[in-house]
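Trainee: Okay, these came from TrEMBL:
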type     : residues : note
TRANSMEM : 21-41    : transmembrane segment
DOMAIN   : 66-234   : domain 'Glycosyltransferase RgtA/B/C/D-like'
TRANSMEM : 87-108   : transmembrane segment
TRANSMEM : 120-139  : transmembrane segment
TRANSMEM : 172-187  : transmembrane segment
TRANSMEM : 218-236  : transmembrane segment
TRANSMEM : 262-287  : transmembrane segment
TRANSMEM : 299-315  : transmembrane segment
TRANSMEM : 327-345  : transmembrane segment
TRANSMEM : 352-373  : transmembrane segment
Amino acid sequence: MNDVSQSRFPSNAATTAELCRLGLFLLATLRVVFHLVANWFDSYGIFRDEFYYLACSRHLAWGYVDHPPLSAFLLALQTAVFGDSLFALRILPALAGGASVFLVGAIAREFGAKRYGQMLAGMFAFFVPSWLAFAGYYSMNVLDLVFWAAIVLVAAKLIRARETSETGRPGWRLWAIFGGLVGLGILNKLSVLWLVAALGISLILSPQRRLLLTRGRFLGAGIVIVLVAPFVYWQVSHGWPTLEFIHNAQTYKNTVQTPLSFLAGVMLEMNPAMVLLWILGLVYLFLPGSKAPGQGGSLRWAGLTAVIVLAYLTLSKTAKPYYADTTFVLILPAAACACESWFGGRLRFLKVLVPIHAVVSGCIVLPFALPILPPERYVAYADRLGISEQNAERSELGALPQFYADRFGWEELARDVSDAYSTLSPDEQKLCAVYARNYGQAGALEYFRKTYPLPPVLCGHNNYWYWGPGDATGAVMITLNSNREQLEELFDSVELYGTHTCTWCMPFENDYPIWICRGMRVPIEEIWARQKEFI
């Protein structure tokens with residue numbers, strides 16, 4: 001009778017696990033719906049980088065100057081199914097944002113959290129400002145967050161399998177999944193290499209180092225090599241353009257950060273009101289009493305991984321604070337475990353206050369993550385809270401932070417260029433092209449060609465340089481934000497059409513001339529090499 005009862009009815013532990021998974025799934029679904037609603041009512045517009053990703057998705061390749069190929073392939077698939085409207089463009093980021101919530105809760109389970117800890121970890125992930133921002137527009141960043149979380153989750157499972165299996169060897173299936181995630185993660189963003197390197201070092205320094213001696217590691221490494229090989233071949237065949245891009249960005253674009261300013265930026269990214277909890281989580285990973293099922297009672301490998309990545313970025317001097325945000329897939333679950341383990345007895349009331357604090361503080365900083373306020377109200381709100389944007393690049397900021405300012409002015413630019421184009425004769429229009437100064441301008445003009453009559457777009461910025469001048473001859477060219485003296489050296493005729501202005505855009509995208517140039521004096525192919533700008 002007992003055997004029959006046990007076979008028919010799940011144990012309390014199994015029921016609790018199912019309820020936790022269901023709770024995390026509902027929390028993740030709520031996060032997806034939240035993003036979809038926010039995108040539906042978005043009044044700011046498409047972000048600069050989104051125009052560029054769309055351009056890359058129309059020129060599929062095994063590599064690009066400034067990013068690996070996966071995000072472009074996924075975007076090409078998404079636009080083929082849903083189109084390229086602002087709402088459609090952000091469907092995948094919304095889904096990825098929900099996945100990050102679920103995965104962080106699952107990591108907490110692997111770290112030993114029970115029902116409260118798992119749900120609290122998911123709640124932490126739900127309201128992190130930078131993670132909300134990542135999921136609010138299309139880029140490789142939100143996918144990077146998902147890959148980091150998935151890799152950490154499988155790494156924790158590998159460690160548990162190594163400790164609990166009769167042979168002391170994790171299954172081949174887990175190693176295959178780990179290798180697949182690492183390979184695809186690298187194909188999305190190279191920062192996954194930081195995680196893999198830090199994981200390797202932390203395991204060597206931890207009791208779980210024997211995991212690195214199991215034969216399954218060869219399967220995982222082989223899968224990574226197979227997946228990444230086409231991207232490496234593209235880099236080699238093109239002369240390693242990504243290395244040139246990284247060097248130029250560090251030298252000429254990114255601001256130099258002191259360790260203190262970098263960590264302050266990370267604090268703002270991750271919600272300054274939650275800093276004590278994040279510190280609590282990091283401490284939890286190193287304490288001897290912090291135990292995870294089947295991991296030799298030690299989570300030190302996770303703590304070392306987080307510290308190694310944070311230390312590397314902090315000391316690099318040119319890293320942007322948001323680079324460190326993915327590291328918190330290790331810290332947030334640990335913070336939830338700490339709250340569950342330590343807040344008992346007289347501190348039990350904190351188990352109620354912590355989630356309330358996470359929700360309330362998350363709502364307070366929400367306007368800094370998603371464009372839910374009109375620009376005027378956002379500026380007033382930021383002033384009231386005394387929060388000013390840190391500039392991680394060497395460009396002047398306007399009233400809005402660049403993350404928001406780079407969503408304004410693009411359609412106005414397309415309209416201005418279209419008006420200039422309409423002044424040309426039909427014969428000149430057939431010969432005309434427009435030269436943009438950066439991929440934001442170029443991508444926006446290409447995007448709005450379906451709305452306004454516009455000529456083909458040329459640009460030397462990043463991968464646009466590889467796409468070349470096409471059929472353009474330079475006989476008639478509209479140029480943006482160029483110097484008249486330099487243009488007169490290249491063209492027989494240089495005519496000022498007008499000035500492009502916008503209200504909330506970045507200062508360097510405002511108040512610049514639009515020129516109509518005729519009669520390029522040298523073949524365009526001869527000067528194209530000088531237009532390369534990898535930064």
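Each residue, glycine too, has its Cβ placed from N, Cα and C.
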Trainee: Same chain only, please: residues at least 6 beyond the ends of the transmembrane segment (327-345) with a C-beta under 8 Å from a C-beta of the stretch. Say none if there are none.
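Mentor: Hits for the transmembrane segment (327-345): 100, 103-105, 107-108, 110-114, 116-118, 120-121, 124-125, 128, 145, 148-149, 152, 270, 277-278, 280-285, 290, 299, 302-303, 305-306, 309-310, 351, 354.
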Trainee: For the transmembrane segment (218-236), find every same-chain residue at least 6 residues outside the stretch whose CB is under 8 Å from a CB in it, and list them.
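Mentor: Here the qualifying positions are 61-63, 68-69, 172, 175-176, 178-180, 182-184, 186-187, 242-243.
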Trainee: Under 8 angstroms, Cβ to Cβ: which one of 21-41, 120-139, 172-187, 262-287 has the largest number of such pairs with the transmembrane segment (352-373)?
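Mentor: Selected stretch: 120-139, with the most Cβ pairs under 8 Å.
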Trainee: Excluding the flanking five residues on each side, which residues at least 6 beyond the ends of the transmembrane segment (120-139) place their CB within less than 8 Å of a CB in that stretch?
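Mentor: That would be 23-24, 27-28, 30-31, 35, 38-39, 47, 49-50, 53, 71, 75, 89-90, 92-94, 96-98, 100-102, 104-105, 107-108, 113, 145, 269-271, 274, 277, 322, 325, 328, 332-333, 335-337, 339-340, 354-355, 358-359, 361-363, 365-366, 368-371, 403.
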Trainee: Report, as numbers and ranges, every residue of the chain located at least six residues beyond the transmembrane segment (21-41) whose Cβ falls under 8 Å of a Cβ in that stretch; write 'none' if there are none.
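Mentor: The answer is 86-87, 90-91, 93-95, 97-99, 101-102, 105-106, 115, 118-119, 122-123, 126, 135-136, 370-372.
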Trainee: May I ask for the residues of the chain that lie six or more residues beyond the transmembrane segment (262-287) and have a Cβ under 8 Å from a Cβ within it?
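Mentor: Distant contacts of the transmembrane segment (262-287): 124, 127-130, 299-300, 302-303, 306-307, 310, 313-314, 319-322, 324-325, 328, 330-339, 341, 354, 357-358, 361-362, 364-365, 387, 390, 392.
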